[in-house]
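In what follows, a structure is listed as structure tokens, so that the remarks can point back to it.
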Amino acid sequence: MRQPGPPVRQPARPDRSRPAPVARPVSGGGRDIRERAPRSPGCCGTGRHNCQPANPHWRIIGAQANPCAMPNRMLPMLALGLGALAALGFAPLDLWPATLVAVAGLIWIVMASAGWGTAALSGLAFGTSMSLISLNWIAQSFAYQAKMPAVLGWVTVAGLALFLALYVAIPAGLAALATRPVSRMLLFIALWLPAEWLRGVLFTGFAWNPLGIVWLGAPGVHQWAAEIGGIGLSAVLLLAASGLVWMAIGPAMLHRLLGGGVVAAVAVAGWVGDSRVVQSGFLGPPILVIQPGIGQDERYDPAAAARHLTTYLNLTRDALKRADETQRAELPDVTIKEANIERAPEIDSPLRPSTSKVTGQIENTLAAGLGDSNAIQTQQQQNNPVTGRRAGETVPALVLWPEGAIDDLLEQDSALRARLAAVLRPGDVLVTGGAGYNPKTPATPYSNSLFVLDNQGRILSRYDKAHLVPLGEYVPARSLLEPLGVARLVPGGSDFAAGPGPRTLVMPGRFLGMSPVICYEIAFPGAVVDEANRPAWIANISNDAWFGAWGPPQHLAQARLRAIEEGLPVIRATTNGTSAVIDGYGRLLARSLGNGPETLVVTLPPPLPQPAFPRGGALVTMLFAIFLGAVAAFLQRFRHIGINADQI
């Protein structure tokens with residue numbers, strides 16, 4: 001009789017009510033270990049499985065990314081806070097690490113978003129809060145006019161912030177069309193760069209506060225603007241932020257090491273940038289920067305016009321006396337946080353100035369129209385090598401007044417010109433802002449102009465501002481907006497006429513050719529110098545009294561960035577704000593200490609050889625963006641060539 005055997009165990013039926021375990025890679029000890037991990041029971045414990053993870057190919061600190069950890073609807077709110085954090089990196093706070101961390105957070109949001117809509121909305125939130133906080137000073141401008149309600153200033157700031165946010169939202173949304181995290185990251189950087197360039201071009205452009213300008217607060221990195229410009233500095237910041245993301249949440253040790261390598265490379269770039277800065281001598285005759293300390297609340301008061309002119313004339317007399325009392329004009333003893341510079345006038349820069357442009361008392365070939373080379377070479381043997389002064393001789397000085405210093409029409413008023421000339425000595429030159437007049441264009445007869453006068457009261461040169469401020473100097477779409485009560489902030493019924501663009505003004509005697517830049521124009525890279533006739537320096541005149549507490553430091557930062565990009569010193573004269581002397585490395589060599597009346601008596605820092613940026617540095621950055629886009633597209637297709645897409 002057959003004996004019964006042991007019972008046969010039937011295979012258990014799978015419980016289809018629970019999802020099967022899945023394998024996922026876990027990094028450990030530098031190698032990938034496969035482990036079994038249960039799938040999340042629906043969305044945030046609801047039991048529903050129709051909500052996809054934010055990005056199924058990206059692990060966040062050991063756990064697969066899913067909307068339970070950070071619901072996609074929360075990402076725009078997070079981006080809003082990150083944008084506010086990013087604003088702290090701009091002047092006057094200069095907390096550049098805050099911007100770096102905030103941008104890293106935005107990159108993570110783009111990588112983690114479930115779709116392009118969430119990413120675009122997050123970019124819009126980030127850009128809006130960043131611009132709303134950093135550009136708050138624009139609202140202050142509306143407090144100094146009576147044609148429009150002051151509250152319209154905040155409406156303008158909000159509208160501008162929302163518009164500028166589109167230049168963040170569009171790259172973020174388009175980048176999220178890729179499915180691989182690294183492709184999204186690279187594509188976001190590749191799209192940000194041309195978007196930032198377009199922001200400075202479209203609709204007359206608004207190039208204020210490019211992302212890379214925050215590097216001015218960090219050691220060394222900003223010096224690379226000489227090669228790649230401000231937009232290239234933005235690329236460096238985006239790469240550094242991406243490195244931080246990979247360091248923190250990379251899917252494998254290799255990726256975290258690569259992220260750390262990118263951050264380390266940026267740190268090395270800062271060290272190298274610092275090493276290119278050398279101590280420079282100072283050249284040429286004295287330059288007298290006059291800051292009258294006139295507040296915007298009385299700037300356009302007709303009853304105060306005579307008093308304002310008297311203030312300018314008295315400050316000029318005092319500054320000329322100071323210059324005449326010394327054998328050489330020297331930098332005032334000002335403590336400046338941006339640069340600790342030991343004054344060593346006997347030390348000359350090992351980076352010799354360009355041999356094709358005039359630089360003062362250094363032998364070289366002069367460009368046409370920038371001075372009298374024979375006179376300079378003759379004086380080199382006889383005179384003081386810095387000031388050109390013979391013993392007992394009064395050296396001519398250049399006096400720089402700010403934007404709009406003259407209220408009346410200088411070209412029409414010979415008595416006014418005679419009064420200005422009376423304060424000047426033989427050989428002195430006055431450079432001042434005022435209103436130009438052109439009767440041939442009756443619709444727009446006036447321009448925001450800069451004039452060069454000699455001590456005989458003759459107008460030697462005139463420059464008309466080319467890049468006008470919307471609502472400040474003209475009303476865009478006037479026929480539509482004027483019936484709604486919109487007017488320009490500067491008094492007057494008609495718009496200003498725009499000038500032709502950058503010019504190099506020929507200066508008399510031993511004064512070096514300069515490029516005049518009026519106020520807002522200093523914010524536009526590649527548009528402050530006539531490269532075909534490169535000047536020796538940039539004169540930036542402005543009225544910063546409009547702009548509250550945050551505007552003037554940001555304006556100064558734009559000037560520092562242009563100085564590095566062009567390798568030229570920038571001398572700023574402002575009505576009320578920050579007058580300054582900036583060398584070709586962007587260092588502040590002298591600055592006004594407050595908003596009151598002040599004068600700076602200085603000599604011109606030497607121009608540096610023309611950097612790479614004016615010769616095509618922006619094009620190099622755009623080619624780099626195209627390269628990143630191509631790499632992003634290539635990595636997006638890795639699954640077709642046998643590479644594990646889950647790791648990238």
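Residue numbers in this text run from 1 along the chain shown.
Placement of Cβ uses the backbone N, Cα and C atoms for every residue, glycine included.
Feature annotations, courtesy of TrEMBL:
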- 1-41: region 'Disordered' (REGION)
- 74-90: transmembrane segment (TRANSMEM)
- 96-114: transmembrane segment (TRANSMEM)
- 121-139: transmembrane segment (TRANSMEM)
- 151-178: transmembrane segment (TRANSMEM)
- 185-208: transmembrane segment (TRANSMEM)
- 228-249: transmembrane segment (TRANSMEM)
- 256-273: transmembrane segment (TRANSMEM)
- 358-606: domain 'CN hydrolase' (DOMAIN)
- 369-390: region 'Disordered' (REGION)
- 374-386: compositional bias 'Polar residues' (COMPBIAS)
- 616-635: transmembrane segment (TRANSMEM)
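Non-local neighbours of the transmembrane segment (96-114) in the same chain are 52-55, 58, 60, 65, 67, 70, 72, 75, 78-79, 82-83, 85-90, 122-123, 126, 130, 168, 172, 175-176, 181, 184-185, 188, 211, 214-215, 217-218, 237-238, 240-242, 244-245, 248-249; each lies 6+ residues outside the stretch with a CB under 8 Å from one of its CB atoms.
Ranked by the number of CB pairs under 8 Å to the transmembrane segment (74-90), the listed stretches 121-139, 185-208, 228-249, 616-635 are led by 121-139. For the transmembrane segment (121-139), the partner stretch with the most Cβ pairs below 8 Å, chosen from 151-178, 185-208, 228-249, 256-273, 616-635, is 151-178. Panel annotation: around the transmembrane segment (151-178), residues 106, 109-110, 113, 115-132, 135-136, 138-143, 184-185, 187-188, 191-192, 195-196, 198-199, 206, 471, 632, 636 of the same chain, lying at least six beyond its termini, place a Cβ under 8 Å from a Cβ of the stretch. Counting residues 6+ beyond its ends, the transmembrane segment (256-273) has Cβ neighbours under 8 Å at 218-224, 236, 239-240, 242-248, 250 in the same chain.
Restricting the average to the domain 'CN hydrolase' (358-606) gives a pLDDT of 83.
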